[in-house]
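Novice: Let me begin by handing over the structure; questions about it come next.
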Amino acid sequence: MSSVFGKLPIIDSIDLSNFPFKKVIFGITCANFLFERYVAYRQYKLLKSNDRKFPEALKGRVDEKKFIESDAYGLAKSKFEMVTSFISMGVGLATLTMYSSIWNYSVSIGNSILSTILRKPFEMSLIANNVAFFILSTTISTFLNLPISYYQHFVLEEKFGFNKMTKSLFVMDSIKTLILVNTLGSIPLYILGLVLKKCTDNFVFYIWIFIIGLQITLFFLNDLVIQPLFYTFTPLNNKELEDKINALAKECGFPLSEIYMIDGSKRSSHSNAYFSGLPFMKKKIVIFDTLIKDSSIDEVVAVLGHEIGHWKMNHISQMLVISQVHISAFFMLFDIVFKNAKMFADFNFIIDPSSKVPTATLPGSSYAIVNDFPFLVGLLVFSQLIQPTDLLMNFAMNLFSRHNEYQADNYAVKLGKGEDLKKALIQLQITNLSTISVDKLFSMYHYSHPVLCERINAIDKYTSEQAKKSD
Ligand SMILES: [Zn+2]
């Protein structure tokens, strides 16, 4: 195992003791930002221009008024994103320079809370300091994001009739999310800290094991705790639809356990359907009430035919394997900078192993003196450093995901559901007001699914291929 997961031989030969981490990270962040702005601008320009054409594939299928309305929604989202991207970029860079201050505050607050609870002076370990830093920085960023999120729901989405959320539901959702992220994030973070501390020689292997365990745990938590906290699951009460889904599952050999409907309409009128279940386990199908309301029974079944296509062609397992490789590669590279004092010094963290306490600085100090490497700060800084690889990975993953979408569409065509799938996709497009005019680069960077007319054209092609075969 150690040959696969151990230290890369090249790592020891890399000398980064004088590498200007802070300057490079700021440079990369700015370059990344400019690239994203350029991509967004191309889309904005397209939606603004008057020579957008109503796609041939949609003529007679989508009302031209919907075309205008969906592009207007796209334009509004594009303008909103223009403004918020500048705010997020500013907040992101400011937070990065303030990591050491946030660290000092989080340690001090954490120690006081625990001392009060235990009724004696208490000093958290360095791993716990990382967890306290995580909780405080997540809480700060949640509050900073609230106005943007509020505007998005109650102004932008409201204007186009999507927002179904009340203000009290918005507040409750924000509180639930913050508590969930902090509790569900803190435990694995603490374990990760222990793995990095105890298994220094071969930590990538142990982290890989840990991540697999985490993914399985999160899967069950998501199914049993997280989703039910936000949505109500009710067994499907439509006999005809249920019979047709059962027949479809039988035809495809799909291990269906239960079919549920969820009240997606409580929050938004965007529609969807999905199935969940680990490989080799029975799976449940979940359909949004909005999808059932807006589509005919055969159209809902066609959408599920597409979803079962994903299962049949092992797309979910493939994605899982890719994410494992990605995470392992991330930690193998992280090994290069994990114990680089210069990187931490660039962000005002001084490592002093002789210090008697894990954190020797008090709130108000712009420096943080710690007695070992603060791994979470290292991970955050490192993920900023490798943004260019994330960008390439994003393009590659979108390409792969689109390929999968076409395959799943083809599967639905082979089940004889091509026509219904087309109708369902058009209906989904209309209810979700998905933008019809999309710039090539914008769609390559942002879209994991092909745009509607690409899919319609492909389904037509698969259908005629299928007809030729059966002749
Ligand atoms: Zn799909």
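Using the three backbone atoms N, Cα and C, a Cβ is placed for every residue, glycine included.
Automated prediction, rather than curation, is the source of TrEMBL annotations.
Copying in the features that TrEMBL gives for the protein in this structure:
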ACT_SITE  GLU307  active site
ACT_SITE  ASP409  active site, proton donor
BINDING   HIS306, HIS310, GLU405  Zn(2+) binding site
DOMAIN    43-231  domain 'CAAX prenyl protease 1 N-terminal'
DOMAIN    235-462  domain 'Peptidase M48'
TRANSMEM  86-106  transmembrane segment
TRANSMEM  126-148  transmembrane segment
TRANSMEM  169-191  transmembrane segment
TRANSMEM  203-221  transmembrane segment
Novice: Between GLU405 (Zn(2+) binding site) and GLU307 (active site), what is the CA-CA distance rounded to a whole number of Å?
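Specialist: Roughly 9 Å, rounded to the nearest whole number.
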Novice: Give residue numbers and ranges for long-range contacts of the transmembrane segment (126-148): same chain, 6 or more residues beyond its ends, CB-CB under 8 A.
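Specialist: Residues 84, 87-88, 91, 95, 99, 102-103, 105-107, 109-110, 174, 177-178, 181-182, 185-186, 189-190, 193-194, 197, 358-359, 370-372, 374-377.
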Novice: For the transmembrane segment (86-106), find every same-chain residue at least 6 residues outside the stretch whose CB is under 8 Å from a CB in it, and list them.
Specialist: 25-26, 29, 33, 129, 132-133, 135-137, 140-141, 144, 148, 347-349, 359, 361-368, 370, 374, 377, 380-381, 384
Novice: Using a Cβ cut-off of under 8 Å, list the residues of the same chain at least 6 residues beyond the transmembrane segment (169-191) that approach it.
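Specialist: Long-range Cβ neighbours of the transmembrane segment (169-191): 127-128, 130-131, 134-135, 138-139, 142, 146, 149-150, 153-154, 210, 214, 218, 221, 226, 229-230, 266-267, 376.
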Novice: For the recorded positions listed here, GLU405, ASP409, which shows the highest count of neighbouring CB atoms within 10 A?
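Specialist: It comes out as ASP409.
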Novice: Could you check the binding-site residues HIS306, HIS310 and say which one's CB has the most other CB atoms within 10 Å?
Specialist: HIS306
Novice: Name them in sequence order: residues not among HIS306, HIS310, GLU405 whose Cβ is within 8 Å of the mean position of the Cβ atoms defining the Zn(2+) site.
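Specialist: Other same-chain residues near the Zn(2+) site: GLU307, GLY309, HIS315, ASN404, GLN407, ALA408, ASP409, TYR411, ALA412.
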Novice: Considering only the recorded positions HIS306, GLU307, HIS310, which residue has the minimal Cα-Cα separation from the residue listed as 'active site, proton donor'?
Specialist: HIS306
